[in-house]
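Q: Once you've had a glance at the structure underneath, I'll fire off some questions.
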Amino acid sequence: MVIWDFAAVNMGTKFRAIWVTLFLSLLLSPMVFSSPKDGLVRIGLKKKKLDQINRISGQIDSNEGEGIRAPIKKYHLPGNLGDSDTDIVSLKNYMDAQYFGEIGIGSPSQTFTVIFDTGSSNLWVPSAKCYFSVACYFHSKYKSSQSTTYNKNGTSAAIQYGTGAISGFFSQDSVKVGDLVVKNQDFIEATKEASITFLAAKFDGILGLGFQEISVGKAVPVWYNMVNQGLVNEPVFSFWLNRDTEGDEGGELVFGGVVSDHFKGEHTYVPVTQKGYWQFEMADVLIDGETTGYCSDGCKAIADSGTSLLAGPTTVITQINHAIGATGVISQECKTMVEQYGKTILEMLIAQTQPRQICSQIGLCTFDGTRGVSMGIESVVDTSSDGLHDTMCTACEMAVVWMQNKLSKNQTEDQILNYVNQLCDRLPSPNGESAVECGSLSSMPNVSFSIGGKVFDLAPEQYVLKVGEGVAAQCISGFTALDVSPPRGPLWILGDIFMGRYHTVFDYGNSQVGFAEAA
């Protein structure tokens, strides 16, 4: 756990990161369709491009607890499953979520942008009574006094995410989803958003599409009320996520069934094995057609629209990332810095240049010593506003300390540079990410998942995420490690990388999940 304890200068840098994020993130306009002929409600999704600045600002720590460096986090839901100390896996880093849509709350309708999240079950939006959280001032806020259909509840509510927390109280009002109006829907008015995550986010709130078993306060989810109030023809909803980076459409969430244009062939269905998340059994994980052997006794998997990456046990993720030639993002950047500037740093140290001035003099840091070499490895993980440049600055500052120590022991240039490279190899990466060479996709293997007797392939261009543009672009492995202890684990999280390749049906009526090739 890392708690904020930075100087004012660094705080200013953090908030500049947020402003850069707010201005540079790309959101495409949403569309909402409904067709009375087919009984479907089609919610157009916005698509936000992932970029390095977004991801860097998404690594800022929360002063409420854990940072948000891992894409898969835990939150604590007391008593939800009859066990007061049960940790339930939260299946998202919302900073990385790419797909958003709009809903309305109240009469007349007040508009909010939300993540439609199959990995949680509550609806929450910022409240007009949110006075002391800066994040609330940058997002739409629900005003109960302006709604004629508002019903007071007032029961306190809190959700503790690994990325921070929201707290507030329950209220009840009509919720508009497309042309549907869900009456008497319980939701959380957030009066405190205790994480910088929510300040930088492009969404106002979350609309959970999981099961009631993981709903905070046992609130009836929006989807349940859609079904119970007879607003949809079938108790089914489906996701089509557009993974075409050049495409304007973000995708569609369809309530009441499926749209045939969104998929090819037929869906393969598997039963939900534990309600809460949309959990099912997975038979195998394969690399280039060869079994990893990890799922010989079966694996648990979850389809989650609230996370971008695909997560699994460290044992197999390590095999996969080794097979595709992935290396730690921060390690790679550290080594690049050593290759380009290592000898220069050594020469300056030998010339007795002030160590705290070296990195600014060679152009890697903006100010002399303001970041502070004492911040060490944590500062590499906790990078800020300038993305790659800022990471290189911190790596330079650490290298100065490392080299200075070895020079005092009269080691040779080669010995010192080799030592620094070895330390680069040990640096942890934010979000547990690994990088691959963008030009090597054609030589990478397919990674496949056996579900319901069918093998679902992911090609390199489908499991590799390109982050940033031009010379600053990086290619990131879509696989990240997540170790969940039994009985809940081991667990695989099939996020947007998988759901973008395979159209996903959430069949509430038959308690099953279906996958087919996306059109």
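Backbone N, Cα and C define each Cβ position, glycine as well.
Below are the features listed in TrEMBL for this protein:
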- Asp117: active site (ACT_SITE)
- Asp304: active site (ACT_SITE)
- Cys130-Cys136: disulfide bond (DISULFID)
- 99-516: domain 'Peptidase A1' (DOMAIN)
- 329-369: domain 'Saposin B-type' (DOMAIN)
- 389-430: domain 'Saposin B-type' (DOMAIN)
- 1-34: signal peptide (SIGNAL)
Q: Among Cys130, Cys136, Asp304, these being the recorded positions, pick the one whose CA is nearest to that of Asp117 (active site).
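A: Its closest listed neighbour, by Cα, is Asp304.
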Q: By Cβ count within 10 Å, point out the most packed of the active-site residues listed: Asp117, Asp304.
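A: Ranked by Cβ atoms within 10 Å, first place goes to Asp304.
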Q: Return only the integer: C-alpha distance in Å from Asp304 (active site) to Cys136 (disulfide bond).
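A: On Cα coordinates alone, these residues lie 26 Å apart.
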Q: Please list residues from the chain of Cys130 (disulfide bond) whose Cβ is under 8 angstroms from its Cβ, counting only those at least six apart in sequence.
A: Cys136, Lys141, Gly168, Glu189, Ala190, Thr191, Lys192, Glu193
Q: When the domain 'Saposin B-type' (389-430) is classified with DSSP, how many of its residues are helical, how many are strand and how many are coil?
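A: Grouping H, G, I as helix and E, B as strand yields 33 helix, 0 strand, 9 coil.
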Q: Could you give the number of helix, strand and coil residues in the domain 'Saposin B-type' (329-369) as assigned by DSSP?
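A: Counts, helix then strand then coil: 29 helix, 0 strand, 12 coil.
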